[in-house]
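Okay, so here's the structure we're looking at.
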Amino acid sequence: MAQAHIRGSPCPLLPPGRMSWPHGALLLLWLFSPPLRAGGGGVAVTSAAGGGSPPATSCPAACSCSNQASRVICTRRELAEVPASIPVNTRYLNLQENSIQVIRTDTFKHLRHLEILQLSKNLVRKIEVGAFNGLPSLNTLELFDNRLTTVPTQAFEYLSKLRELWLRNNPIESIPSYAFNRVPSLRRLDLGELKRLEYISEAAFEGLVNLRYLNLGMCNLKDIPNLTALVRLEELELSGNRLDLIRPGSFQGLTSLRKLWLMHAQVATIERNAFDDLKSLEELNLSHNNLMSLPHDLFTPLHRLERVHLNHNPWHCNCDVLWLSWWLKETVPSNTTCCARCHAPAGLKGRYIGELDQSHFTCYAPVIVEPPTDLNVTEGMAAELKCRTGTSMTSVNWLTPNGTLMTHGSYRVRISVLHDGTLNFTNVTVQDTGQYTCMVTNSAGNTTASATLNVSAVDPVAAGGPGGGGPGGGGGAGGAGGYTYFTTVTVETLETQPGEEAQQPRGTEKEPPGPTTDGAWGGGRPDAAAPASASTTAPAPRSSRPTEKAFTVPITDVTENALKDLDDVMKTTKIIIGCFVAITFMAAVMLVAFYKLRKQHQLHKHHGPTRTVEIINVEDELPAASAVSVAAAAAVAGGAGVGGDSHLALPALERDHLNHHHYVAAAFKAHYGGNPGGGCGAKGPGLNSIHEPLLFKSGSKENVQETQI
């Protein structure tokens with residue numbers, strides 16, 4: 001046996017007879033220390049896991065320990081700091097009623113097994129970031145009755161198993177957004193008695209999807225904060241506040257709530273449908289408030305409600321509480337005296353509400369102040385059918401064309417009953433067409449009023465047009481009292497007469513966006529209800545010119561169409577600008593080319609063969625007879641040159657001389673101005689008289705030819 005234990009020993013074996021004294025001592029120590037061998041004490045091993053802190057073998061001097069140091073109590077020791085020698089295997093630590101002011105970072109880092117930490121009734125005013133590091137097993141954290149002014153959101157990091165957080169009775173002034181989103185595992189949150197609380201953010205409770213209990217009692221609340229994120233909340237404490245009015249939607253999203261406490265909350269009025277969201281409510285406490293009556297059938301949607309506390313309220317027993325008496329008789333038939341007593345009138349004072357019946361009162365059916373009216377709309381639009389009474393103590397339900405009874409809180413995708421009794425359509429369809437009946441009920445009976453909803457299909461060609469599209473048209477948007485959300489756009493087209501200058505068109509007139517009555521189009525029903533006419537508005541005036549054309553466009557499409565038209569205009573403008581630039585560039589190129597061609601042509605003409613005219617003495621070329629003839633002809637030409645056309649009588653010359661006659665005449669005219677009306681004598685005075693015969697020699701410099709004159 002000894003040999004077996006030696007094999008399990010961490011000490012190496014030595015040959016028999018050579019075992020030294022220290023090794024024998026270690027062997028004896030190991031054999032006679034079962035706790036160490038089995039790891040039962042585990043102090044040395046656990047201290048290593050605790051971050052290297054010295055092993056805690058005993059309870060701190062200022063505390064008392066039990067259950068092998070797993071439960072440590074240090075209450076009423078006037079401690080200013082958290083003791084540093086708390087055993088590492090502590091699961092429960094109570095530090096209440098001391099003078100601790102600051103919880104420093106990593107104070108509890110070595111207490112990895114701690115489950116409950118109580119720091120209540122101290123002077124804690126500051127909790128440093130990371131103060132609760134190293135507490136992965138912490139389940140409950142109590143910080144009530146301290147001096148915290150803010151919620152220590154950052155300190156809750158890494159508390160992945162925290163289930164309960166107590167912050168009651170601290171001078172906290174505000175609860176910011178996402179104050180507890182670092183501890184989504186919370187099940188119970190106590191924020192009661194925050195008497196200096198002034199502000200709760202709309203997103204203060206975001207992330208608390210597992211919360212089951214919330215205490216907001218005695219926090220001086222004037223309104224119920226946003227609790228929509230608490231989808232699993234089962235118990236809600238709102239007692240001790242100043243909630244004068246409970247509105248519809250105050251408990252939106254709390255479909256799992258089972259218990260609601262509103263004692264001593266100064267509640268004076270609970271509006272119709274205020275509790276409709278509490279489908280799972282089982283217990284409701286409204287005692288010690290200022291309630292005088294409740295809306296008709298307030299508790300009807302609460303199918304699971306079993307216990308209602310209504311005592312200590314100044315109930316005014318009249319027709320408005322008669323329904324409550326009937327409800328109490330049905331809910332608690334064995335004890336109708338459990339809940340409330342009449343405070344007025346004097347004849348019924350002290351009577352239990354559950355004992356009242358209709359014989360005590362003279363009641364009348366409700367009056368509908370604003371009945372619904374017929375409505376004509378186009379498919380896809382929103383619509384409302386109003387049904388209002390003079391008091392909120394009644395209940396309002398709607399009967400649809402297919403026989404469905406619509407109440408407040410009834411789930412429909414597009415249709416709902418608002419808290420004021422209005423039947424709201426978010427997006428009407430053709431199938432919604434039919435007669436809708438409003439039923440207003442109180443203890444004496446009910447009153448009904450009906451209206452017809454006409455839904456016309458959208459015209460695929462002229463989408464948004466009101467049926468006929470003009471006054472008097474019988475389109476789907478007609479009908480007195482029906483509101484269609486259309487806007488009228490008047491477009492003027494001007495025709496220019498021949499000879500008249502076209503004038504600039506006037507600006508387009510628009511009717512301001514908003515509901516316009518269909519009755520103005522003249523297509524409404526003649527038997528429409530009178531109240532509708534009082535709430536109608538006339539359409540914008542339009543010009544009577546025959547060139548004006550009116551188009552009706554839904555305002556829901558104005559923005560989208562305007563943007564689309566703007567894009568088209570921009571594209572067209574860019575195309576026009578591009579074409580203009582291209583044409584300008586081409587014109588410039590053509591102009592430059594034309595200029596260059598013209599310049600080249602002028603240069604070519606300037607450098608062409610030079611023509612010369614040479615006047616020579618005829619005597620050197622012709623015989624005497626010919627010279628005389630030429631002289632005579634010249635004399636005749638000199639006499640007739642002033643009056644008429646000049647003619648040069650040329651003698652009979654040789655054939656080669658006559659071939660150049662026309663050319664000489666043309667050159668002569670070009671040189672002297674080519675005036676057909678005047679003779680050559682007027683242009684050239686040198687030819688008025690010919691003293692000697694002359695010859696013109698014309699031609700190029702290379703070949704000068706002769707012409708006899």
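Backbone N, Cα and C atoms are what each Cβ position is placed from, and that goes for glycine too.
In the predicted model, the repeat 'LRR 1' (89-110) has a mean pLDDT of 95. According to Swiss-Prot, the feature repeat 'LRR 1' maps to 89-110.
Taking Cβ pairs closer than 8 Å, the repeat 'LRR 3' (137-158) reaches residues 91, 96, 101, 103, 112-125, 127-131, 164-176, 178-180, 182-183, 190 in its own chain, all 6 or more past its ends. Residues annotated as repeat 'LRR 3' in Swiss-Prot: 137-158.
Sequence annotations record features per position, and here Swiss-Prot assigns repeat 'LRR 5' to 185-207. Same-chain residues lying 6+ beyond the ends of the repeat 'LRR 5' (185-207) with a Cβ under 8 Å from its Cβ atoms: 144, 159-179, 213-221, 225-227, 229-230, 237.
Sequence annotations record features per position, and here Swiss-Prot assigns repeat 'LRR 6' to 210-231.
The helix, strand and coil residue counts that DSSP assigns across the repeat 'LRR 8' (256-277) are 0 helix, 5 strand, 17 coil. Annotated repeat 'LRR 8' per Swiss-Prot: 256-277, in sequence order.
In the repeat 'LRR 9' (280-301), the DSSP tally of helix, strand and coil residues is 0 helix, 3 strand, 19 coil. According to Swiss-Prot, the repeat 'LRR 9' annotation covers 280-301.
Residues or ranges marked as compositional bias 'Low complexity' in Swiss-Prot: 528-544.
Summarising the annotation, Swiss-Prot assigns phosphoserine to SER689 and lists a large-scale study or a structure entry as the type of evidence.
Listed as Cβ neighbours of the repeat 'LRR 9' (280-301) (distance under 8 Å, sequence separation of 6 or more from its ends, same chain) are residues 239, 255-274, 307-316, 318, 320-321, 323-324, 327, 343, 392-395, 407-409, 441-443.
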